[in-house]
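Heads up, the thing below is written out as structure tokens.
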Amino acid sequence: MEGDEETSGLMIDEIYANGGEEDKRSRPIISGEQLDIEAYASLYKGRTKILRLLFIADHCENNPTMQLEALRMAYDEIKKGENTQLFREVVQKIDGRLGPNYGMDVDWCDMVDRRAEQKKEKLENELNAYRTNLIKESIRMGYNDFGDFYYAHGQLTDAFKNYVRTRDYCTTSKHIIHMCMSAILVSIETGQFPHVTSYTAKKYKLAARKFLETGPELGNNYNEVIAPQDVATYGGLCALATFDRTELKNKVIDNLNFRNFLELVPEVRELINDFYTRPRKRT
């Protein structure tokens, strides 16, 4: 048992090491009713991080301290990007409660918007040239660049349209996967879940198996979409929904690799163990 625990600890260290977080974020995110906002937000990056912080702020109206902490972090994160529309929304939510350093920054907004117009014109010229020359791969990249541009600026409908337009110019399976992942990401953020199901296989048991195969090298390499904690949550729930008791025991509970992900989300680990150990009803 000591050997297993030692190996487990080393693998958890590796999960965090690949994420590059110096404190390994080992402190619990939730303790009682208190949410460690900084620890939770550190699991994600970019727009996903901002939206999660705003969700917390919107649901902490009875806890002004937590609400303002989430808004402060959202403000700081937005200014690393180019979404002036979302920035204005956050400033409005803050409503002067965090002092002058977290107010409306007109100069920053004007600078970002001017730079965006210049970049958009450049992308249009490049894409027109690619179309004229009928360079299929370049056209695909041009539409993808436009998708990234619109996504960065919060224009999600236009981002989705351009990501989907790359489909006709995909020449490899890698291109198709990239297109699907981009379309899914934008669809989730806009709440267009019918679009999400169009780009998924709906194979939840297969999804469970793939989550269970995820290695510690994932780290924070894809945290604009998913964190190691999410692997535990999604993998655990998919397994609960589709595995029988034997599979749950052999492939989840006794799975040393996945156990290390479950250690990051004790609630899911306990749910799986309770489900497995509960008495079965006789029919």
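For all residues, glycine too, the Cβ spot is worked out from N, Cα and C.
TrEMBL labels come from automatic prediction, so no person has curated them.
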Annotated coiled coil segment (source TrEMBL; candidates 57-84, 113-140): 113-140
Secondary structure content, the domain '26S proteasome regulatory subunit Rpn7 N-terminal' (105-202) (per DSSP, counts of residues): 83 helix, 0 strand, 15 coil
